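Enquirer: Structure provided below as structure tokens; questions to follow.
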Amino acid sequence: MDRIIEKLDHGWWVVSHEQKLWLPKGELPYGEAANFDLVGQRALQIGEWQGEPVWLVQQQRRHDMGSVRQVIDLDVVLFQLAGRGVQLAEFYRSHKYCGYCGHEMYPSKTEWAMLCSHCRERYYPQIAPCIIVAIRRDDSILLAQHTRHRNGVHTVLAGFVEVGETLEQAVAREVMEESGIKVKNLRYVTSQPWPFPQSLMTAFMAEYDSGDIVIDPKELLEANWYRYDDLPLLPPPGTVARRLIEDTVAMCRAEYE
């Protein structure tokens, strides 16, 4: 599936190594390969955006290696493709040898997978399912500041799905563990791939059922009910968390205005 980059090859370039992304001038490179010293490297086309190919190049650059979070303000599709590239690069880097027999592996030519040349085992990129949920109580929404968000951003609750657990069970468990409350009338909204590091966010809306807020201090700095027209600093547009909050605000406006 991959090939040697030629001088006139062009498009968007996802140059990644160890979950980092090359961002010269803070931007995702776009243009001809020769402009970015990529001629002769191996590249894998991982998608297309606005009629232009999006290429993955597995390479470490000496400068300007950053986080895919830095391009979160891109068009949502291009951001997802950049995230795909970072995840695939890490998958290929970390699966050079078979976990069963220890022999060298090689990439499949027909799908995103690594194949063992000895025992024929097949490996696919790991995807970690997560839940994220907006909880409404009358004219208010539950928002929390996570320990990893020291910039004042408040968002909805989220967490990883555990082995042997349904998405609905994961919502109930995560909400109880992080905030101490129970929810009801759970409704699926949408999903979003989230490359931090390899998550698939499944988004829900729910209604408050019972209980008082008691936060898990290992996860949250605080959690409170916020009236829909008096909200703190929110996640950026384009994130599924922001969509859940905006959808909840729209429901409150329709009912209370």
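Backbone N, Cα and C define each Cβ position, glycine as well.
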Enquirer: Which of these, ARG62, ARG69, does Swiss-Prot say binds substrate at the same site as LYS25, GLU111, TYR124, GLN192, PRO193, TRP194, PRO195, PHE196, PRO197, GLN198, SER199, ALA241?
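Expert: Swiss-Prot lists LYS25, GLU111, TYR124, GLN192, PRO193, TRP194, PRO195, PHE196, PRO197, GLN198, SER199, ALA241 binding substrate, and from ARG62, ARG69 it also lists ARG69.
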Enquirer: Which range is it, out of 137-158, 159-180, that shows up in Swiss-Prot as motif 'Nudix box'?
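Expert: Of 137-158, 159-180, Swiss-Prot gives motif 'Nudix box' for 159-180.
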Enquirer: Same divalent metal cation 3 site as GLU174, GLU178 according to Swiss-Prot: which of GLU219, GLU222?
Expert: GLU219
Enquirer: Near the Cβ of GLU111 (substrate binding site), how many other Cβ atoms are there if near means within 10 Å?
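Expert: Summing over all protein chains shown, GLU111 (substrate binding site) has 10 other Cβ atoms within 10 Å.
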Enquirer: Could you check the binding-site residues CYS98, CYS101, CYS116, ALA158, ALA241 and say which one's CB has the fewest neighbouring CB atoms inside 10 Å?
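Expert: Looking at the binding-site residues CYS98, CYS101, CYS116, ALA158, ALA241, the Cβ with the fewest others within 10 Å is that of CYS101.
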Enquirer: Tell me the coarse DSSP state (helix, strand, coil) of GLU174 (divalent metal cation 2 binding site).
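Expert: For GLU174 (divalent metal cation 2 binding site) - judged by DSSP and reduced to three states - the answer is helix.
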Enquirer: Taking the Cβ of GLU174 (divalent metal cation 2 binding site) as reference, which residues of that chain separated by at least 6 in sequence fall under 8 Å from it?
Expert: ILE131, VAL133, LEU157, ALA158, GLY159
Enquirer: Considering Cα atoms only, can you say which of CYS116, GLU178, GLU219 is the nearest neighbour of LYS25 (substrate binding site) among these binding-site residues?
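Expert: Ranked by Cα distance from LYS25 (substrate binding site), first place goes to GLU219.
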Enquirer: Between GLU219 (divalent metal cation 1 binding site) and CYS119 (Zn(2+) binding site), what is the CA-CA distance rounded to a whole number of Å?
Expert: 42
